[in-house]
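J.: Handing you a structure now.
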Amino acid sequence: VNCSVDCQLQVFNWSCPSTPSTPPPSTPTTPTSSQTTTPSTPSTTSSKSTPSTPQSTSSKSTPSTPPKTTLPGCLDFDPPRQVNETWWLCNCTMAICKYDNVVEIVELECNPPPMPTCSNGLKPVRVPDPDGCCWHWECDCYCTGWGDPHFVTFDGLYYSYQGNCTYVLVEEITPTVDNFGVYIDNYHCDANDKVSCPRTLIVHHETQEVLIKTVHMMPIEVEVQVNKQLVALPYKKYGLEVYQSGINFVVDIPRLGAQVSYNGLSFSIRLPYHLFGNNTKGQCGTCTNNTADDCILPSGEIISNCEVAADEWLVNDPSKPHCPHKGLTTKRPAITTPGPFPENCTVSPVCQLIMDSLFSQCHPFVPPKHYYEACLFDSCFVAGSGMECASVQAYAALCAQEGVCIDWRNHTQGACAVTCPAHRQYQACGPSEEPTCQSSSPKNSTLLVEGCFCPEGTTKFAPGYDVCVKICGCVGPDNVPREFGEHFEFDCKDCVCLEGGSGIVCQPKKCARGNLTTCEEDGTYLVVEADPDDKCCNTTSCKCDPKRCKAERPSCLLGFEVKSEHVPGKCCPVYSCVPKGVCVHENAEYQPGSPVYSNKCQDCVCTDSMDNSTQLNVISCTHVPCNISCSSGFELVEVPGECCKKCQQTHCIIKRPEQQYIILKPGEIQKNPNDRCTFFSCMKINNQLISSVSNITCPDFDPSDCVPGSITYMPNGCCKTCIHNPNNTVPCSAIPVMKEISYNGCAKNISMNFCAGSCGTFAMYSAQAQDLDHGCSCCREERTSVRMVSLDCPDGSKLSHSYTHIESCLCQGTVCELPQAQQSRTRRSSPRLLGRK
């Protein structure tokens with residue numbers, strides 16, 4: 001076999017001599033070639049090829065060539081091939097290099113492999129072999145969750161889990177895809193915080209993070225974010241697509257064959273086995289077509305309880321500080337399980353629909369047990385929330401994938417109704433990709449989903465346009481459907497809907513040409529504005545702008561003001577000076593009733609009367625009235641430059657209780673007749689009369705210490721004095737007394753001591769010293785101590801404070817000193833004393 005110039009195989013046949021030194025020639029029979037694909041797990045079965053007849057043998061015969069130890073390969077091929085090397089040609093044809101450019105052609109024929117049983121209860125799917133010739137069965141990795149929430153793993157294991165954190169649904173054990181993972185954000189959705197519901201489905205793929213969030217539950221409202229930004233659907237970027245399919249929001253990664261959907265109540269994840277088999281971890285299990293290893297921990301350990309394992313698949317979520325983070329060594333808080341069904345639980349009749357004849361056609365394809373049990377659970381523990389509808393909805397969705405369409409919502413008495421927009425109708429089994437005018441036959445038209453679809457007889461215009469049209473014409477930026485050939489106006493353009501091309505063609509609207517206008521009147525200008533009868537066209541007119549008027553406002557005299565008058569039909573005002581109705585005096589204006597200063601001896605006022613000659617108001621004046629009498633202590637005196645005499649104070653006036661007054665001349669002192677210790681005085685300082693009331697403070701006086709009959713008044717007539725009785729002397733001692741201590745606004749009354757009493761103090765003449773001899777001692781503290789007291793503050797608090805407490809008193813000697821005046825008198829009297837001697 002050789003390759004021709006036009007890349008065609010040329011087959012040559014001839015007989016080769018039989019000699020021991022040459023290899024045996026190929027016979028024109030087709031060698032048997034078969035290929036068997038052995039599945040690595042029970043989830044795949046492969047087709048097998050059957051032998052076919054070889055098409056050629058080749059080529060040269062060299063009987064004279066001596067025997068060779070190594071057979072030459074097919075060196076004439078590009079690239080050169082070695083002996084027994086195989087390569088694919090086309091149409092499932094394989095070439096085998098036999099020796100020395102001899103090539104064997106083998107055609108593969110595939111036998112259908114036996115259909116395996118998938119542990120998740122779904123039908124296996126046909127998957128092409130890597131060679132593209134044969135195919136094999138695989139059980140797709142399909143995980144779903146719904147309600148509060150209930151899970152069915154990739155391998156079909158059912159369990160419920162009530163965590164309210166963010167968890168890993170699926171990640172790769174050994175990463176083969178950059179940053180791939182699916183995560184679920186749960187929250188407590190009942191009043192007792194015992195059950196949880198899904199809130200956000202999160203999909204990671206390479207550089208993108210997709211969040212499908214439930215923003216409102218009844219009715220369900222969902223939004224989609226990509227990398228924390230809201231996006232419109234359909235969205236397609238970097239190998240990832242997000243679109244709405246019925247009531248579901250789908251994240252599709254075509255390169256991986258991965259699909260993730262979420263509708264606010266349930267989610268599903270479908271992954272191809274040949275890419276993700278034996279390589280998944282998380283709450284969705286391991287995808288091995290074996291439920292025994294689904295309850296796997298992040299450490300790789302397999303346990304028997306999936307609820308316990310699910311609690312370990314936490315995702316660090318800063319928005320949920322109550323959730324433990326990865327790497328914590330402390331014991332995780334136990335998940336609160338709802339416990340057994342309450343005795344008073346009334347099961348919703350919606351759940352019985354799953355087991356009734358309504359779904360009987362689906363029972364052979366999808367076992368209903370798990371969905372029925374989940375529905376009972378939700379109707380008891382989240383009663384009245386409509387959560388039981390999620391179980392029926394999830395089961396009906398799987399039935400639709402198996403081709404069994406069930407319109408079940410009409411049998412729930414409105415408990416699970418779906419509300420559609422006015423321009424759409426609910427269908428239990430519509431196309432997963434709704435047909436549009438641009439694509440009438442979507443690639444997944446055989447898949448069925450429930451949702452809100454365009455009514456019969458209408459078609460969705462295009463992806464991203466929520467517009468249903470009867471005739472596939474055009475939809476412009478106003479979202480109004482148009483028929484082909486229809487003319488319409490939009491954005492001041494004349495548009496037409498055309499078949500083909502961009503669809504809508506628009507041209508600027510043509511307006512009638514108006515007459516040019518010139519504006520000659522003062523203050524007017526030309527303006528172009530929208531025509532009130534046709535907003536797309538303009539009209540020209542003259543408008544008035546007072547700021548453009550050239551006539552200046554006149555300057556008016558005092559007492560007059562400018563008046564502007566608008567004449568009908570004129571743009572600019574007419575100005576004139578009119579009286580303001582005021583008085584004018586010395587270049588100042590006065591309002592009627594206001595005083596007008598003329599001179600000191602007149603009181604003038606502006607009147608309402610107008611002088612017809614000047615058109616100004618008249619000023620009326622009267623002489624200023626003068627005082628003719630003054631109150632006590634004051635006298636009328638002449639004031640230079642004033643019209644009237646002024647009352648000037650000449651005496652001090654002291655007001656006493658009971659409306660009594662004492663009048664004193666400057667320098668006069670008067671005692672209070674009712675109180676010997678109080679006297680009044682009047683002084684003149686810097687021409688100001690200052691009165692004062694003085695009180696004499698007397699020293700302590702105890703009549704019991706006096707010689708009887710010796711009590712007299714001091715010269716001031718206020719204080720008493722007497723001859724001291726020496727027999728009543730009290731010795732120096734510590735005397736207790738109640739006294740208030742205050743500090744920083746806080747105070748308290750406490751008992752403290754003070755020193756008082758008589759000590760041996762004397763003064764006598766000394767003949768030896770020829771002077772007075774003094775002996776002085778004071779009653780002073782002998783021992784003291786520092787004590788603490790708790791003061792009461794106005795705000796109710798306490799303040800600790802220290803003070804000195806006198807423990808005992810003692811007479812202590814001191815130097816006797818006389819006042820300065822007495823010392824002077826003593827010095828003056830000394831000579832007389834010396835003289836007497």
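Heads up, residue numbers simply count up from 1 along the chain you see.
Placed from the backbone N, Cα and C atoms, the Cβ positions cover glycine too.
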J.: Of the cysteines Cys682, Cys778, Cys779, which is paired with Cys732 in the disulfide recorded by Swiss-Prot?
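T.: Looking through Cys682, Cys778, Cys779, the record in Swiss-Prot gives Cys779 as the partner of Cys732.
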J.: Here are some residues: Asn84, Asn695. Which is flagged as N-linked glycosylation site in Swiss-Prot?
T.: Asn695
J.: Which residue in the list Cys141, Cys143, Cys420, Cys429 does Swiss-Prot annotate as forming a disulfide bond with Cys284?
T.: Cys143
J.: Cys746 has a disulfide partner in Swiss-Prot; which of Cys698, Cys706, Cys778, Cys793 is it?
T.: Cys793
J.: Looking at Swiss-Prot, which one of Cys706, Cys809, Cys811, Cys816 makes a disulfide with Cys759?
T.: Cys811
J.: Based on the record in Swiss-Prot, give the one of Cys722, Cys755, Cys776, Cys778 in a disulfide bond with Cys809.
T.: Cys755
J.: Far apart in sequence but close in space: which same-chain residues, 6 or more away, have a Cβ under 8 Å from Cys755 (disulfide bond)?
T.: Cys732, Ser733, Ala734, Ile735, Cys779, Arg780, Glu781, Ile806, Cys809
J.: For Asn164 (N-linked glycosylation site) and Asn289 (N-linked glycosylation site), determine the Cα separation and express it in whole Å.
T.: 29
J.: Counting only residues 6+ apart in the same chain, whose Cβ is under 8 Å from the Cβ of Asn91 (N-linked glycosylation site)?
T.: Glu107
J.: Among all the protein chains here, how many other CB atoms are within 10 A of the CB of Asn538 (N-linked glycosylation site)?
T.: 13
J.: Out of Cys165, Cys284, Cys323, give me whichever of these disulfide-bonded residues has the highest number of other Cβ atoms within 10 Å.
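T.: Buried the deepest by this measure is Cys284.
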J.: Counting distance between Cα atoms, which of the recorded positions Cys143, Cys165, Cys197, Cys323, Asn749 is nearest Asn289 (N-linked glycosylation site)?
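T.: For Asn289 (N-linked glycosylation site), the closest Cα among Cys143, Cys165, Cys197, Cys323, Asn749 is found at Cys143.
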J.: Could you check the glycosylation sites Asn515, Asn695 and say which one's CB has the most other CB atoms within 10 Å?
T.: Asn695
